């Protein structure tokens, strides 16, 4: 009746609850909030259906929590070999793999039904199912352990909240109202291009962890100069993509997109030049900045949409339904 048995049983009820919460990776789910709410506000620009937004966020949260839990089950073998993941519930046996899998399946079904029945959008529910399938089978089980481009293509799963949010809003539109899916695609691509520099900056700090676990992240298989060069290129792509949305937004988003974008690029280039010139650099600074950059950008989009400001496209006389 050792401590190990108590550990495997999950200990006190509060500890078990904390373990299940940890399975969902709450910090990762922050991206869901950052992406979904501004996207929905932009889609309905000026309407601000708060109840529908909150319902969608909760439904999306269940889907993201399911994906993250499945991910922990699939990665439990390598998590025990990485210093920063050894305290995860499945490694410490506070939750069994079987119970975690059941938890993930319940969340998956609940998320789909929630979005379909309560948010009146089967399309949003289907997007969540696609996200979970892609994240587990394409990224976790296939790409992650086989290619240094894992996060580039696998990161597409993290972009899906914008499509979920947009789908819920446009499914409420009357027939004939332009759905303007191009805006959702732009926001999808912003997160798609943002994910690699964000992740690689963190992976540079934990390079030895990934190496020990046999995960071929770019910093493991390429030199720091090569890694930071890729970070710069993807940062450029991110910033340029944010500009594509300017015609459909007001001056607040436009100004923040330019100012924050220049700052993000400056820090990415500074990191690259610092390493290239043999200086002492801290990649984690770029990781933190990238988080703040995306948050500020989407907050600006939210404020712009809530205020219902005249769009740049309207200011320029572009009166087509495209904008």
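Each residue, glycine too, has its Cβ placed from N, Cα and C.
Source: prediction; values computed, not measured.
Record features (Swiss-Prot):
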type     : residues : note
TRANSMEM : 50-70    : transmembrane segment
TRANSMEM : 97-117   : transmembrane segment
TRANSMEM : 118-138  : transmembrane segment
TRANSMEM : 150-170  : transmembrane segment
TRANSMEM : 184-204  : transmembrane segment
TRANSMEM : 231-248  : transmembrane segment
TRANSMEM : 252-274  : transmembrane segment
TRANSMEM : 293-313  : transmembrane segment
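The stretch from 50-70, 97-117, 293-313 that makes the most Cβ contacts under 8 Å with the transmembrane segment (184-204) is 293-313.
Taking pairs at least six residues apart, the transmembrane segment (150-170) and the transmembrane segment (50-70) share three or more Cβ pairs below 8 Å and count as touching. Within its own chain, the transmembrane segment (118-138) is flanked in space by residues 52, 55-56, 59-60, 63-64, 66-67, 70-71, 74, 108, 111-112, 153-154, 156-157, 160, 163-165, 167-168, 171-172, which lie at least six positions past its ends and keep a Cβ under 8 Å from the stretch. No contact links the transmembrane segment (252-274) to the transmembrane segment (97-117), because fewer than 3 Cβ pairs that are 6 or more residues apart lie under 8 A. Only residues 6 or more beyond the boundaries of the transmembrane segment (97-117), in the same chain, are considered here, and those with a CB under 8 A from a CB of the stretch are 20, 23, 55-56, 58-60, 62-63, 65-67, 69-70, 72-73, 76, 89-90, 124-126, 128-129, 132, 164, 168.
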